[in-house]
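Annotated features, as they stand in Swiss-Prot:
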- Asp464: active site, 4-aspartylphosphate intermediate (ACT_SITE)
- Asp720, Asp724: Mg(2+) binding site (BINDING)
- 1-14: compositional bias 'Basic and acidic residues' (COMPBIAS)
- 25-34: compositional bias 'Polar residues' (COMPBIAS)
- 42-52: compositional bias 'Acidic residues' (COMPBIAS)
- 68-106: compositional bias 'Polar residues' (COMPBIAS)
- 140-151: compositional bias 'Acidic residues' (COMPBIAS)
- 202-222: transmembrane segment (TRANSMEM)
- 227-246: transmembrane segment (TRANSMEM)
- 378-399: transmembrane segment (TRANSMEM)
- 411-433: transmembrane segment (TRANSMEM)
- 806-824: transmembrane segment (TRANSMEM)
- 841-860: transmembrane segment (TRANSMEM)
- 913-933: transmembrane segment (TRANSMEM)
- 947-963: transmembrane segment (TRANSMEM)
Amino acid sequence: MQRNNGEGRPEGMHRISRFLHGNPFKNNASPQDDSTTRTEVYEEGGVEDSAVDYDNASGNAAPRLTAAPNTHAQQANLQSGNTSITHETQSTSRGQEATTSPSLSASHEKPARPQTGEGSDNEDEDEDIDALIEDLYSQDQEEEQVEEEESPGPAGAAKVVPEELLETDPKYGLTESEVEERKKKYGLNQMKEEKTNNIKKFLSFFVGPIQFVMELAAALAAGLRDWVDFGVICALLLLNATVGFVQEYQAGSIVDELKKTMALKASVLRDGRVKEIEASEIVPGDILHLDEGTICPADGRLITKDCFLQVDQSAITGESLAVDKHQNDTMYSSSTVKRGEAFMVVTATADSTFVGRAASLVGAAGQSQGHFTEVLNGIGTILLVLVILTLLCIYTAAFYRSVRLAALLEYTLAITIIGVPVGLPAVVTTTMAVGAAYLAKKKAIVQKLSAIESLAGVEILCSDKTGTLTKNRLSLGEPYCVEGVSPDDLMLTACLASSRKKKGLDAIDKAFLKALRNYPKAKDQLSKYKVLDFHPFDPVSKKITAYVEAPDGQRITCVKGAPLWVFKTVQDDHEVPEAITDAYREQVNDMASRGFRSLGVARKADGKQWEILGIMPCSDPPRHDTARTIHEAIGLGLRIKMLTGDAVGIAKETARQLGMGTNVYNAERLGLSGGGDMPGSEVNDFVEAADGFAEVFPQHKYAVVDILQQRGYLVAMTGDGVNDAPSLKKADAGIAVEGASDAARSAADIVFLAPGLSAIIDALKTSRQIFHRMYAYVVYRIALSLHLEIFLGLWLIIRNQLLNLELIVFIAIFADVATLAIAYDNAPYAMKPVKWNLPRLWGLATIVGILLAIGTWIVNTTMIAQGQNRGIVQNFGVQDEVLFLQISLTENWLIFITRCSGPFWSSFPSWQLSGAVLVVDILATLFCIFGWFKGGHQTSIVAVIRIWMYSFGIFCLIAGVYYILSESSSFDRWMHGKHKERGTTRKLEDFVMQLQRTSTHHEAEGKVTS
């Protein structure tokens, strides 16, 4: 049950309103602030009963409107006056079924939507239901032909609409001239989207420490007229920029396609006639006609006297909590009318709507640089500093040797190329892009590549329940039948008390009709009954009532609804035996404690007493793969916390069925609304230890994410509504689930197109594989840079010699071209969350780089040894060619060491990586043998074989050292790479919580005073 504070809004909602810059309208502060919100309609006996609050606290039952014989009369009933409005085209009768009462709402969470991945059974069930309803619903159906008018005009910026412009004549509407004037002032009803400058976006990939060094190297190469080096460096820069730009552009295009779900048409009253126009043509002050199935195209205020609508606001809130709307209540853009009919005056369009303001807020927040980008920039900066230090040493030595300027520039270019991994951005971006493409095949759209790294390190997943953990599809359980009543009788009566109108069918009625396949006798009898009158759910009596005629002509009244209220109907008619009463109440309490939503069923034949038939439990069952997926997630070191709008009992029962922890609490205990007496540190402990929270509002989700992040966790958050956008933005990995609203998709890092938790866990495992590839490459590439920087720096300082500049460039090219294929490597996924442990990474890379430099130095020094058979390749090779081959082989093979979690033979590389390295090794060998470069000389095949053997020996030595260091806890401690225990500054947490409560208290007082 929603509790209201002094402002008439759900308690605690003032916090989320801060996220959305306050209330843009006069009436309701947010979609969840409507005073007629219903919760847990059917739950009694241990679970909260329904509470329906009216603005005027009249306590009267909702008005029931019977169908008008024609559209003119219908409009006359709907409008505040009795003057009829001329329709452009006469419509047929709407039938006898009333359409203004709310449906049976059973959940706080989002409404049922088509489930993918559940097999074809669900689709067959839907087709069966449609066929059944078509058969049952034999009344006249409405056919309206409307005229389409288009009046394009300039789109201006959205502005605040003066109240006098909203005083449109409800019987006539706006004139065409008034519409044109308002179009010029307020523009079209289209949300303004930030147009990305693709040129600026592309150029942004040329910015960064590593990119700056590459650009400096290209300038040096051009100055030295070394066009080969210049072309290679520019090609690497373009490769990196192109891959990154194309990937993000493709992700954005996919998301743009998902946004094409807005209302396209609208029925508007203009010049005294109701006509259908493009939704973009709506202007403030327009009178819109809303009926079942209408997607509200703008914000507005209901003006029909005594109107009563049931509105689905799941596109905004992400929850299917039924909302009842009355005269003067606010309708929000993108909400859907489920039942009822009314007229409204448009108060805001485009960016001035509630959804528009929320989207603007999310867009204004901007995108952070991303942790992975920071890591790469940090690595590039450190390597750049090392390059500068090395060059200072070389310049000092050159000063004493009077080295000419041209030679110094060559030294600078050489050290710059080998000291900073020019291909690092390209390889890493390619690796993530390939991973993102793979994730897209699994229905996970990565909106920014850095989200892959964030997802790999997630330790806690805050997941909603409906549609992610459960099917979001109500199903019926085993019924309880009063003695002497058969299940088929109970089912038949319950289905007779269900809507037969397909357009307004709610989840409860749909569940009953689906279940008919298990009750063949009831299904056969259902079509033989004639519905004389039908009254949808009454929020006061908490029942649905149907008056039917049996095949024998007998008239029967059928009801279903809240169990105790249905039972009270029978008790008011006659005394029920104590045994039946006790058994009935016991079943109600038992079902409520187990989290079922239960419905009582009763009937009364003419001239007879009311007869209680029994109780039908219904629930949203877990998805078939959820329990297994949760068990798998626990094995992956991932904790899952359930955040749901459902009642605590339902949440606990779902958690029990799924094998999750059952420490699920009411979100009010967080004390976010100014109440609560737990110190801040205890609240944080409470959140950290809890397995989930029930009856949550969006601000609770935001607070849970914030608290967990303060405790040092990487947190992922799932969401689907506009109000979830701040939480998705706050989380380290924001996940928009299948069916999410546009605002949620925009705020999320990853958009899932498939339902269920398994899709998220699959993406998490894939992200860890991608992270493993990136980590292996970064260690490899840093080691290579240090290898050549140490060797060439010492060689220049000690002997004033340098490897052929072309060979240095080819070494850099070969290293990066070969390892581009690491994006397709057979990488394992870690069994626990992975993070960048930079001290350990630098420690491993430095030791490996030193060992590589020592190996190359040994080859270099023995080549100048004097005497017979004293050197490794003495008398069989030329220095530059032999060094080029030895450096190329040992560096290329190093990737086979860093890519493995264990010994290098424990995991076989992919054929793409093996093939790329083999091709590069063959090219390096041919370069060495035939001297394919400027000033090159041929090398003996004997020298080549010896270098291959020597390089393999170096490879085995480094592999052993790398494995020992990787498995050594002492090395971890020595490098200070182990993450510290999460220390909690408890006094600070207490102070912050007290400050929040004081602020909330004063804010509430100020609003009450005003």
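Using N, Cα and C of the backbone, Cβ positions are placed for all residues, glycine too.
Sequence-distant contacts of the transmembrane segment (913-933), counting only residues of its own chain at least 6 positions beyond either end whose CB sits under 8 Å from a CB of the stretch, comprise 804, 806-807, 810, 814, 817-822, 824-825, 877-878, 881-882, 884-885, 888-889, 892-893, 895-896, 899, 939, 941, 944, 947-948.
When other Cβ atoms within 10 Å of the Cβ of Asp724 (Mg(2+) binding site) are tallied across all protein chains shown, the result is 33. Proximity of distant same-chain residues to the transmembrane segment (202-222), defined by a Cβ-Cβ separation under 8 Å and at least 6 residues beyond the stretch ends, is recorded for 229-230, 233-234, 236-237, 240-241, 244-245, 373, 376-377, 380-381, 383-384, 387, 409, 412-413, 416-417, 420-422, 424-425.
Cβ atoms under 8 Å from those of the transmembrane segment (411-433) belong to residues 205, 208, 210-211, 213-214, 216-217, 220-221, 224, 226, 229, 233, 236, 239-240, 243-244, 246-247, 376, 379-380, 383-384, 386-387, 390-391, 394, 398, 403, 449-450, 452-453, 770, 773-774, 777-778, 781-782, 784-785, 788-789, 792-793, 796, 802-803, 805, 808-809, 811-813, 815-817, 819-820, 822-823 of the same chain, restricted to positions at least 6 beyond its ends. The recorded positions examined here are Asp464, Asp720; by Cβ neighbour count within 10 Å, the least packed of them is Asp464.
In this structure, the residue listed as 'active site, 4-aspartylphosphate intermediate' belongs to neither helix nor strand by DSSP; it is coil. In this structure, Asp724 (Mg(2+) binding site) is part of a helix by DSSP. The two recorded residues, Asp724 (Mg(2+) binding site) and the residue listed as 'active site, 4-aspartylphosphate intermediate', have Cα atoms 11 Å apart. Cα-Cα distance from Asp720 (Mg(2+) binding site) to Asp464 (active site, 4-aspartylphosphate intermediate): 9 Å (rounded to the nearest whole number).
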